[in-house]
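Trainee: Before I ask anything, let me first share the structure, which is written out below as structure tokens.
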Amino acid sequence: MTSLADELMNDLDDLGSGSEVDDELDNAMAGPSGSTNTGGAEGADGAPADDGDDGEAGDEALLGGVPGEVHVPEGGVRPADEVDPDEVNAMDLAGVAEVGKVARLQGSRTMREVLQKIEYYRQNPDPNLASDQDSSEYMLIVQANNLSVEIDNEMLVVHKFIRDHYLPRFPELDSLVSSPLPYCRVILALGNGPELQGDIAGILPSGSVMAVKVTAATTKGQQLSETEWNVVKGAVDMMFNLDQSKRTILEYVESRITLLAPNISAIVGTQTATKILGIAGGLQGLVRIPHSNIYLLGAVKRANTGFSTAAHSVDRLHTGFIYQCPLVQQTRAEDRMKAQRKIGAKVALAARVDMAKSAPTGSFGEEMKGKLESEMERLARPAPSKVVKALPRPDAQKKNRRGGKRARKAKEAYAQTELRKLQNRLKFGEAEEEVGAYDDVQGMGMIGSSSGRVRANVAEARSKAKLSKSAKGRLASIKPVSGTATSGLATSLAFTPVQGLELVDPSKMRSKVDEANAKWFAEGAFTHVPKGGGIGKPSAGGSGTGTSK
């Protein structure tokens with residue numbers, strides 16, 4: 001009997017060696033040879049594994065296997081490969097005498113055995129189907145679902161055979177009716193008579209009926225021989241038989257898969273659910289795969305050699321069986337990658353619910369499908385339009401604005417220049433000059449028609465700098481005295497008749513003035529005439545002449 005410590009140690013050992021989910025992920029990453037592709041390991045062919053672009057290295061590692069092939073995890077069943085319609089259209093089957101040489105599925109042993117088992121289990125259903133993943137009926141469901149894909153491939157080939165052999169009789173019908181079954185019904189209705197006047201009103205829409213009738217009346221096709229017409233009718237009968245077999249298989253698969261995985265079927269449909277369960281190895285294998293990897297089930301690994309992978313079951317990289325479900329195909333093309341990731345996460349939850357049998361009626365799957373549809377509608381919804389705000393109410397009163405020197409400087413920094421004002425100004429009746437560069441054309445307005453002088457911004461008087469009284473006094477003291485006085489450094493220049501340069505000393509000129517004054521005004525005095533005296537009358541104080549005191 002083990003102790004509690006031993007049990008804890010065993011749990012730690014299990015964590016170190018990896019859980020069942022990790023083992024399943026390793027198996028999913030391993031190639032067909034059983035080797036695991038890691039980040040720097042080589043693939044099954046010995047070439048370095050393609051890490052992928054745009055951060056998709058994890059998806060590439062999960063796909064593993066041989067490039068261009070669908071990887072099948074351990075315990076899963078390999079799905080049938082879908083034929084590329086473009087490759088079928090490129091075939092030339094006009095030289096093939098019988099349709100049985102290119103289409104061998106109808107009447108084959110595999111087809112007979114599957115149809116017989118379906119008829120048997122319809123009458124005797126397996127009671128352990130919902131609980132036992134290894135039951136024979138479960139394997140029949142997976143095999144029948146793969147057979148339905150092979151039937152689709154066979155119908156494409158038979159349709160091409162019919163078109164090539166009926167082309168000489170009605171060449172234009174191939175472009176007017178493209179679907180295989182309506183094409184075959186129109187051929188039987190028109191027949192091979194001299195005039196193609198069959199009743200096709202119940203086969204095609206009204207618009208297509210008129211186009212086919214008008215074209216059939218003017219066609220230049222030649223009537224087929226009896227042998228050629230029998231070959232065409234035999235191929236048409238095979239087409240109808242294949243379609244009937246496919247309907248039988250799909251009805252059986254839909255009736256049984258809803259018992260095995262009702263919630264998964266409610267989300268992705270019965271056909272996609274069967275493909276997912278088949279490649280994952282049943283519900284037990286599906287619940288071990290992480291939800292982020294479920295959408296890659298059925299995806300094709302990128303081919304390193306550059307060859308086309310269009311012939312496989314998917315039409316692009318990183319898209320698996322979930323990409324083919326109706327819920328993804330109804331979504332816009334740009335949102336399908338997001339949609340398949342979201343659906344893959346819900347399928348993981350539905351698989352766990354189906355495994356526990358907690359919602360046998362599929363109510364959980366219906367609820368998840370409703371949420372997914374709401375999410376897809378939200379993705380398809382256009383972006384919200386920009387809210388148009390109403391203009392503010394015009395106020396009659398003037399608002400108070402910040403003033404001052406700093407505010408005026410800020411306004412001047414973003415003010416419109418005189419050059420820009422001239423560019424925005426147009427002269428009436430005259431075309432403005434335009435200047436073009438690359439794809440841009442700018443109008444010059446009245447820039448080229450002005451005088452070229454730019455008027456300076458007139459500053460306001462109140463914004464000018466003002467001097468204080470003390471500053472004004474200091475400025476006046478250093479200014480020169482106004483008048484005729486000159487400083488001692490002043491001089492005059494004169495050109496003589498002989499082109500000489502004469503320098504005049506201002507002090508010498510002053511001495512000449514003094515000499516002249518001394519000659520004329522050296523002697524003399526002022527006469528003082530007393531008040532009340534006259535000429536010839538001496539004053540009371542003395543003689544009438546003499547110097548004054």
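Just so it is clear, glycine is given a Cβ too, placed from its N, Cα and C backbone atoms.
Automatic, uncurated: that is what TrEMBL annotation is.
Below, the features straight out of TrEMBL:
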type     : residues : note
REGION   : 1-83     : region 'Disordered'
COMPBIAS : 8-26     : compositional bias 'Acidic residues'
COMPBIAS : 48-59    : compositional bias 'Acidic residues'
COMPBIAS : 60-77    : compositional bias 'Low complexity'
DOMAIN   : 260-381  : domain 'Nop'
REGION   : 379-413  : region 'Disordered'
COMPBIAS : 399-409  : compositional bias 'Basic residues'
REGION   : 530-549  : region 'Disordered'
COMPBIAS : 531-549  : compositional bias 'Gly residues'
Trainee: When the pLDDT values for the domain 'Nop' (260-381) are averaged, what is the result?
Mentor: 81
Trainee: Taking helix as H, G and I and strand as E and B in DSSP, count the residues of the compositional bias 'Basic residues' (399-409) in helix, strand and coil.
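Mentor: Counting residues by DSSP class gives 5 helix, 0 strand, 6 coil.
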Trainee: When DSSP states are grouped into helix, strand and coil, how many residues of the region 'Disordered' (379-413) land in each?
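Mentor: The counts are 11 helix, 0 strand, 24 coil.
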